[in-house]
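Below: one structure, written as structure tokens.
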Amino acid sequence: METEDVTVREQLFHDRVRETIICVLLFICLYILSHFILTHFKKNAEFVTDDIEDATVNKIALWLCTFTLSVAVCAVLLLPISILSNEVLLTFPHSYYMQWLNGSLIRGLWNLVFLFSNLSLVFLMPFAYFFTESEGFAGSKKGIMARVYETAVMLLLLSLLVLGIVWVASALIHHNTARESLYDLWEYYLPHLYSGISLFGVLLLLCKSIKNYSCFILVSSVIELRKKASPWQRNLGYPVAMLLLLALTAVSVLMVCFHVLELLFDESAMPRGMEDPHLGLASFSMFGSLGAAVQVVIILYLMVSSVVGFYSSPLFTGLLPRAQDTTLTQIIGNCVSLLILSSALPVFSRTLGITRFDLLGDFGRYNWLGSFHLVFLYNMLFAGLTSACLINTVTWALQRELIRIFYVFKLVLSND
């Protein structure tokens, strides 16, 4: 028995080490990618100055932004990785080389993303902003540490303010929960705060995915690029791209409409959390691997359309990054915005029924996910407004083409 216990403990230890190595390697790759992205957009004048102290402060803030952007990218990839991992295990159920791909690894990724999202939104990004704006307390010795002390004090005051607001809000709604949150900050306060942030992010995703008709904006962008393209791109490539965008939007609407019907007749259609993903048992799509691949494409498409809608909004056009001309304050704002959108993407996709992969870890602990009326209304809004967007886009495109054909035909007749 002792030998068996030792063997089990050794296996658990090796599994934990393997999962840690995989997570670290994944994060390193995402960090390097994020570093190249921010380096492409950052304003070099802020990092190459005569003031060494300011340059050092800006570099530290940029490192924190790179970390936050890495977490945002990982949050976007959570559902695609989980869905594809399940399909791989279904395809190769007994493969020795796929043993590292298991439910424990996927659950660990979800927990790490949740943890680092909290850390970035609540501490790192406010710290980066206050750090770049700080100069040290009046009368104190100037230097990096003086800025650190001032930033720490400002961050502490901000944390107390936010904690007080959340506690008062919790006291008005759930008295017992609010009382307990004072004694258990990690178990109650941060989940309540992040639940509110996630709800805001999910609503923002809904608004920005249909704001200014994001599909219309994407199609318009394709048409504008078409004017500057070569003949084969203009006549083949861009029409295909436009049809693909319209098709993705139509498929998204159909999936949400089907999910609305499921909500009315099947309780399991409601978004919920789970502890063990049970990978490799059954596909999360009724159409098998092909359906799972479509789910992944739709999830990524919704994220792209939401980002396009976000930067197209008059409120956020000032955040739009420009190559080699984006200030550090704008970079911080972009990282925070993208993290809010990306960390809400798993909840957004599951709420709309794009996938049946339930939320893992703390992502499934949000109280508002259990509200049938809220989930049903959310689905109806998305289906209705996106359908209006699709109809308007198709109608606009047809009108434009008919007018163009009419003028071409009229020009030919006049020449004859």
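Note: Cβ is positioned from N, Cα and C throughout, glycine not excepted.
Note that TrEMBL annotation is computational and uncurated.
Pulled from TrEMBL:
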TRANSMEM  20-39  transmembrane segment
TRANSMEM  60-85  transmembrane segment
TRANSMEM  105-131  transmembrane segment
TRANSMEM  152-173  transmembrane segment
TRANSMEM  193-219  transmembrane segment
TRANSMEM  240-261  transmembrane segment
TRANSMEM  281-311  transmembrane segment
TRANSMEM  331-352  transmembrane segment
TRANSMEM  372-398  transmembrane segment
Selection from 20-39, 60-85, 281-311, the stretch that has most Cβ pairs under 8 A to the transmembrane segment (105-131): 60-85
Cβ contacts under 8 Å made by the transmembrane segment (20-39) with residues that lie 6+ beyond its boundaries: 62, 65-67, 69-70, 73-74, 100, 105, 108-109, 112, 331
Selection from 60-85, 240-261, 281-311, the stretch that has most Cβ pairs under 8 A to the transmembrane segment (331-352): 60-85
Residues of the parent chain within Cβ reach of the transmembrane segment (60-85), under 8 Å, 6 or more residues beyond its termini: 26-27, 30-31, 33-35, 37-38, 42, 47, 101, 106, 109-110, 113, 116-117, 120, 124-125, 127-129, 131-132, 277, 279, 284, 292, 295-296, 299-300, 303, 328, 331-332, 335-336, 338-339, 341-343, 345-346, 349, 355, 357, 360
